[in-house]
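Engineer: Take this structure, written in structure tokens, and hold onto it; I'll ask about it next.
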Amino acid sequence: MIFWQQKKDDAPKEILNWRLWYGVLVFGLMGAARGIDEGLIGTSAEQDSFIELFGLEDGSEKDQADRLSNITSMVQMGSILGAIIAFYLTDKIGRLWATRQLCMLWIGGIVIFLCSATNGSLGMLYAGRFIAGVGIGQTTVVAPTYLAETAPRWIRGLCVCAFSGSVYLGIMLAYFASWGSSIHISDSTQLQWVIPNMLHIYFAFIILTLSFFAIESPRWLVKVGKHERATANLAKLRNLAPEHWYVQSELLDINDQLDREREATLGAGWIGPIKELLTLPSNRYRLMLSVMSQILGQWSGANSITIYAPKYFEMMGTTGQNEKLFATAIFGVVKFVSSIICALFLIDLVGRKRSLISGISLQLFAMLYMAIFLVIDTGVADENSVQTSSEKSAATGAIVMIYVSGFGWAMGWNSIQYLINSEIYPLRLRAIGGSFAMTFHFVNQYGNSKAVPEMFLAMTHGGTMFFFSIVTLLGLCWVWFFLPELSGKSLESIDHIFEMPWYLIGRKGKDLTEGMGGAIETYGGVNKEKMEVVEDVREVGDREAGRA
């Protein structure tokens, strides 16, 4: 298969086995948590039964925009809290138990949210979505951390992108569920939006059940001192004997990095890792990558299109509820397919940086087209206006650009914003670094979902799209200069890139650190004593294989 081509010749073929793919399935599916919510809440708000029950057309335009943004953004509010506490829970109780408790929160919150259909209580709706958000927010820390820690380095991008791809699996299913319910369920009953939102419960229950058959992260087990279990789990994940040279060399890498981190620690307890994040130059650069990737990604406009997709299609001339929801459903298919293409053919083979630059370039082109179109054709959304043939062609082009922007986002920012934060931090700081990044992610997403409805009122549609275009252009420049290429490097060897001068990390980081790294990546002698141990283990394994 195409994504196996990066595997080094000396790596045993057994490392790509069903246990690895099972873990990718379980933790990758958690991406659907965000996707289902983003796909359902915007389309649910287009259903007549939902609009009438919660008064989305009552009051002034500003009152309507405020109420809609409050409903859509409440999960982001809960997700901020979820991302904050995720680093503590992930490191305290492990990746598997963190998964189980977040699934319970997710289910409980959605049950409360759906119960609001009985009385139209906005308070119950807000509370349910907030609690569900606490669980959903944790998925963005727990899942990428586990996937990055258990994946062989040659396919780490693929494995982590299973999470970002599942975001669009959730979006696609959510869009089609809402479209189907709008056709087959009467708008006189609340079941029109309640049944599609049951997708939340289905996915949470599936992930919860599957987690009991998954294998805990060996890197976390090493971190908490459970070395025997770590060895056994790593051997199972790699489908090799515990004494195999590959398993032993990987364990040596993990222990070596952890020892170096402990020597460099700036204090015990929770304050130590925070000091390390803020005071060490290499970690400040990592934080900069986390913060800027979230700011530039979230304010590039693609996320607002996902949440408010029916509104965008209406802006570009698509009229009728069923037509808007159908166009939105196809938009979900485009994003899902593009995320799969990125995971299989781009992120590990082409590289993170080139894939991201290509995606941002497509997104920038699409945003500029839509911005110019909305400035020129101000009456496109008016059902009573008569358009010329050229205006109709331009409107069709604008609708196509929505799909192009979705393709660019899926192969660009959406893949990188999870992958980069799961692989740039050392083991001691991986959970807290990912938690910080995802907290910032949901703060920006909350601000975005709150601001966009009012931005359309205050700035006009074309002005808002020009704003998104400028942010996308800034993101393209930032990626070229600051973002390092990390494809094909082990988690332990990535540290060497961030030890370089800051102005070289983004442009020359990978090239100047080739040949540096851990026991598996090189036998060239960064740590001579450790290399000798690995070679001894390997020789013993070869002799035993010869006897067999």
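Using N, Cα and C of the backbone, Cβ positions are placed for all residues, glycine too.
Annotations in TrEMBL come from automatic prediction, not curation.
The feature transmembrane segment is assigned by TrEMBL to 20-36, 71-90, 102-120, 126-147, 154-177, 197-215, 287-309, 329-350, 362-381, 393-413, 425-443, 463-483. As annotated by TrEMBL, domain 'Major facilitator superfamily (MFS) profile' applies to 23-487.
I would like each feature placed in context: is it buried or exposed, what are its neighbours, and how far apart are things?
Structural biologist: When pLDDT is averaged over the domain 'Major facilitator superfamily (MFS) profile' (23-487), the result is 84.
Sequence-distant contacts of the transmembrane segment (154-177) (same chain, at least 6 residues past either end, Cβ-Cβ under 8 Å): 3-4, 6-8, 11, 16, 20, 24-25, 27-40, 43, 143-144, 147-148, 195-196, 199, 203, 306, 309, 325, 328-329, 331-333, 335-336, 338-340, 342-344, 347-348, 352, 410, 414-415, 417-419, 422-423, 487-488, 491.
For the transmembrane segment (287-309), same-chain residues at least 6 beyond its ends with a Cβ under 8 Å from one of its own Cβ atoms are 38-39, 41-43, 72, 171, 175, 277-278, 327-328, 331, 335, 360, 363, 367, 402, 405-406, 408-409, 413-414, 416-417, 420-421, 424, 433, 436-437, 440-441, 444-445, 448-449, 452-453, 464-465, 467-469, 471-472, 474-475, 478, 482-483.
Non-local neighbours of the transmembrane segment (463-483) in the same chain are 288-289, 292-293, 296-297, 299-301, 304, 352-353, 356-357, 360-361, 363-364, 367-368, 370-371, 374-375, 413, 416, 420, 452, 455-456, 505-507; each lies 6+ residues outside the stretch with a CB under 8 Å from one of its CB atoms.
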Engineer: Quickly jot the same-chain residues contacting the transmembrane segment (102-120) by Cβ under 8 Å, restricted to those at least six beyond its ends, or write none.
Structural biologist: 33, 53-54, 78, 82, 127-136, 138-139, 142, 190, 193-194, 197-198, 200-201, 204-205, 207-208, 211
Engineer: As a test: from 20-36, 71-90, 126-147, 362-381, pick the stretch that has the greatest number of Cβ pairs under 8 Å with the transmembrane segment (197-215).
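Structural biologist: Between the candidates 20-36, 71-90, 126-147, 362-381, the best contact partner of the transmembrane segment (197-215) is 20-36.
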Engineer: Can you say which of 20-36, 71-90, 425-443 has the most Cβ pairs under 8 Å with the transmembrane segment (126-147)?
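Structural biologist: The listed stretch sharing the most Cβ pairs with the transmembrane segment (126-147) is 71-90.
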Engineer: By Cβ distance under 8 Å, which residues at least 6 away from the ends of the transmembrane segment (393-413) in the same chain are close to it?
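Structural biologist: Here the qualifying positions are 164, 168, 293, 296-297, 300-303, 305-306, 309, 312-313, 316-318, 327, 330-331, 334-336, 338-339, 341-342, 346, 355-367, 369-370, 373-374, 376-377, 380, 387, 475.
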